[in-house]
Amino acid sequence: MEILSGAEMVIRSLINQGIQHIFGYPGGAVLDIYDALKTVGGVEHILVRHEQAATHMADGYARSTGKIGVVLVTSGPGATNAITGIATAYMDSIPMVVISGQVASSLIGYDAFQECDMIGISRPIVKHSFLVKRTEDIPIIFKKAFWLASTGRPGPVVIDLPKDILKKTNKYNFIWPKNIHIRSYNPTTKGHQGQIKKALRILLKAKKPIIYAGGGIISSNSSEELRIFAEKINCPVTTSLMGLGAFPGNHIQSISMLGMHGTYEANMAMHYSDVIFAIGVRFDDRTTNNLKKYCPNATILHVDIDPTSISKTVSADIPIVGDAKQVLKEMIELIKKEKQIHSLKEWWSSIGKWKKIKSLEYNKKSNKIKPQKIIQTLFKLTKGTSYITSDVGQHQMFTALYYQFNKPRRWINSGGLGTMGFGLPAALGVKLALPKATVICVTGDGSIQMNIQELSTARQYNLAVLILNLNNSSLGMVKQWQDMIYSGRHSHSYMDSLPDFVKLVESYGHIGLKVKTNEELEEKLILALKKLSEGNLVFLDIQIDDSEHVYPMQIQGGGMNEMWLRKKEVS
């Protein structure tokens, strides 16, 4: 039995949980932990340049691997700087444990230097939070925190550690618990047998069924089960933004992404379907448009591990609470007993007609560089094998629509909170987790400046990623909305004083390249990928057409079938 200080217990607990990397920034309240990182060893710490970036790095690490991302920050501003990243992970159901320092127990509530109520501030955006009151409780609290973060619907958990709990003079027996029990927490993983059978009967009788898959498929590692199930019933599959890669984008049954900027065929198929089999989704407002007009003839079958997500926005006719992987396995077994399954020939014919609209067409003859062309060229050169992170805005939507994701965990983006500044640190987290992977961050001139300081972190740890900056000298999505909804009044959506990104990147010790014409686009991309393969971080600053908009775009207040397409309204 080991006798350890609180700080040493923290490191030993991380090791026992199999944690190899943590992301953080030191400060007074956590200096004992930082000392233990040296004396105990066994965990690699990545020193970021801002605590928000630490959370995004841990987030990218978690999304690309399915492992838990771990963050270490000090009290006060260190903790509050992490809030945006915690909220980002919470909205997208990403497993994360955030260890925050706190002032000494005797000072809590007295407005001490760098004191803040991290438990209270984070409460709405975490699965759970712990304030450690006794040093000897550290092992069991850590085990509970990691269990909570990774089970049921995953999400972030905060552990707040007062400074006195960590002191070297405060030593206790380190007892690692074999088992834990958390009162009132027992996630349902096995779906109700009767509900599953009922849902399958309805789905097999449908004439216009559609499978709507989301990020829950990726979280539960059930992409293969989804593919097998979809093939057995020959049903079209659409995904949410978070679900891209859950079903192969190159599969004949894929009709791509639905929602505000989803494809014409996906949105039309949803609207005119008679049965929607929704699995691992929460019917976010960006995927439903006007709820009063939502899929008026569809019976809703909703599978989710989180019971609070079912019928929260769209009422489910057949609710199934359970793990997506287990439910799909059960359905696959039940289907084996079916003698005949509908061909859905007429339904596929309708979808084929919607596909002929070619909603993703754009002006390929333009003299200006089109963002669509950049993403398509990137896909061609990488053959779809890369891990792609993005920031938030037009470039995010262009990437989602024009880069074909055929495997899960290859698309890393802030879908729920929509956090600008996410892309670069997330890419660094992915690269740390998967050193041999090709990691590419697609960003814009607005987003990249939110956390551009992490180019320094990349240099310190030799994290080679490719950054594509789609530079239109404006906040593209804001400008698009101003064009389409605010009569073209561009209020504060232009970037008039951008830095010379190439020189800035070079000052951090990386390679910067500029692209101004269509003729040099592919050549520079090939060069950038070559330099990347040689172990360099490469920043490609691409001057794109600043008038380009993302289409399709659903009409506010309309049904799923009402959208703007190639600058004209269709329905």
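Note: Cβ is positioned from N, Cα and C throughout, glycine not excepted.
Positions annotated as thiamine diphosphate binding site by Swiss-Prot: Glu51. Swiss-Prot lists Arg153, 261-282, 304-323 with the feature FAD binding site. What Swiss-Prot lists as Mg(2+) binding site is Asp445, Asn472, and the listing cites similarity to another entry. Residues or ranges marked as region 'Thiamine pyrophosphate binding' by Swiss-Prot: 394-474.
Feature annotations (Swiss-Prot) mapped to structure.
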| residue | record | contacts (Cβ under 8 Å, 6+ apart) |
| --- | --- | --- |
| Glu51 | thiamine diphosphate binding site | Gly24, Tyr25, Val71, Val73, Gly78, Ala79, Asn81, Ala82, Gly85 |
| Ala266 | FAD binding site | Thr238, Ile255, Ser256, Met257, Leu258, Gly259 |
| Tyr272 | FAD binding site | Lys208, Asn297, Ser350, Asn561 |
| Ala278 | FAD binding site | Tyr212, Gly214, Ile300, Leu301, His302, Val303, Ala316 |
| Ile305 | FAD binding site | Gly152, Arg153, Pro187, Thr188, Thr189, Gly216, Ser220, Val321, Gly322, Asp323, Ala324 |
| Ser311 | FAD binding site | His302, Pro319 |
| Asp317 | FAD binding site | Ile202, Thr299, Ile300, Leu301 |
| Asp445 | Mg(2+) binding site | Asn469, Leu470, Asn471, Asn472, Ser473, Ser474, Met495, Leu498, Phe501 |
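Model confidence over the region 'Thiamine pyrophosphate binding' (394-474) is summarised by a mean pLDDT of 98.
For Arg153 (FAD binding site), the number of other Cβ atoms no farther than 10 Å from its own Cβ, over all displayed protein chains, is 18. Within 10 Å of the C-beta atom of Asp323 (FAD binding site) sit 24 other C-beta atoms, taking all shown protein chains into account. When secondary structure is read from DSSP and collapsed to three states, Ala266 (FAD binding site) falls in the helix class. Taken residue by residue, the region 'Thiamine pyrophosphate binding' (394-474) breaks down under DSSP into 33 helix, 15 strand, 33 coil.
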